[in-house]
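**Q** Sharing a structure, written as structure tokens. Questions coming.
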């Protein structure tokens, strides 16, 4: 019997276009003999639409003809039923795969909605998604878990605006140059800047605060950028490691999604000891967040052989040139099998939750 799989994509986020690419790639990879696909598109304004197909080129995705007045996954009013009853068995959704990146999708908000609706969904739960999306909170969790990481500082917008000169001086004294300024709640390198001077630093703060009210500043680390995939629930497994080798100054949005001006080296050349350290730190990071389903863990490997965790991505991209699927492909897990495994993990975790008592 086929599994009815709802693909939620788009979203009210600066990473909207990345989500479109991910959704198209996943749709092409799905085995239609095993899955009935139900695309659910969230516009940039936050409107939910359901359509029959997601087969258009990415540039035309917004032009898809959605059914007028079709039942949406989320009603426009809370006075309506939170999840309208399907008119036929074909409309029932068994599992949701939220292919959303960034705020309003990857940050625990969508996961919370799906929890309330009691629908199995692929990926991390509310806690891991929220903490994994917020770089400030994530770094606090990693510090508590004893994971080595680069020096960093965090600022909120109002405090920064009240004492801009002091904030800039603090960055210079504690971190120095070069440093990286990032919105706390954003991915795909959106809003990130590399700074080599006070002028660049102030401009970078202004840019980052356009995307979030909190900003994290990290010291520049001289080293290789190494990534590893984690897959599973309570007994997670790791993929081979890959290396990001950008031809530009750093691995920004353009290098990731537009011109492809970056080499992905898979598997990366690391020693057995280095791999074990990366593997163990990735598993520890996953468990410290109470992860489920998947994460991609990103590290720095310094010239001295020190491994520093940079961040985890709780819903890594599935574009044709995204690192996470490629890591698992080189580990022996092809696209269709990877997606099937994620759906299976979603059902497994959902069934486990159903055994928890909710009355006293």
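Glycine is treated like the rest: Cβ placed from N, Cα and C.
What you are looking at is a predicted structure, and each value in this text was computed from that prediction instead of being measured.
Positions annotated as ATP binding site by Swiss-Prot: 172-227. Taken from Swiss-Prot, the feature Mg(2+) 1 binding site applies to 298, 311. Look at Swiss-Prot and you will find 311, 313 tagged as Mg(2+) 2 binding site, backed by sequence analysis. The domain 'ATP-grasp' annotation in Swiss-Prot covers 139-344, and the record cites sequence analysis as its basis.
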**Q** Between residue 200 (ATP binding site) and residue 311 (Mg(2+) 1 binding site), find the distance joining the two CA atoms and give it rounded to the nearest Å.
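**A** Residue 311 (Mg(2+) 1 binding site) has its Cα 24 Å from the Cα of residue 200 (ATP binding site).
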**Q** 10 Å Cβ neighbour count around residue 313 (Mg(2+) 2 binding site)?
**A** 22
**Q** For residue 311 (Mg(2+) 1 binding site), name the DSSP secondary structure in the helix/strand/coil scheme.
**A** strand
**Q** Nearest to residue 311 (Mg(2+) 1 binding site) by Cα, among 172, 179, 186, 214 (binding-site residues)?
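**A** Nearest candidate: 186.
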**Q** According to DSSP, which of helix, strand or coil covers residue 186 (ATP binding site)?
**A** coil
**Q** Using a Cβ-Cβ cut-off under 8 angstroms and a sequence gap of six or more, which residues of the chain neighbour residue 214 (ATP binding site)?
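**A** Expected: 134, 136, 154, 155, 156, 157, 183, 184, 185.
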**Q** For residue 186 (ATP binding site), which residues of its chain lie six or more apart in sequence with Cβ-Cβ distance below 8 Å?
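**A** 14, 15, 102, 103, 211, 212 - these are the non-local Cβ neighbours of residue 186 (ATP binding site), listed in sequence order.
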**Q** Provide, as an integer number of angstrom, the distance between the C-alpha atoms of residue 207 (ATP binding site) and residue 313 (Mg(2+) 2 binding site).
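**A** Just about 22 Å between their Cα atoms.
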**Q** Let me know the model's mean pLDDT on the domain 'ATP-grasp' (139-344).
**A** 92
**Q** To see if you understand the setup: which same-chain residues, six or more apart in sequence, place their Cβ under 8 Å from that of residue 172 (ATP binding site)?
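**A** Set apart from residue 172 (ATP binding site) by at least 6 residues yet with Cβ under 8 Å, we have 198, 201.
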**Q** For residue 221 (ATP binding site) and residue 298 (Mg(2+) 1 binding site), determine the Cα separation and express it in whole Å.
**A** 13
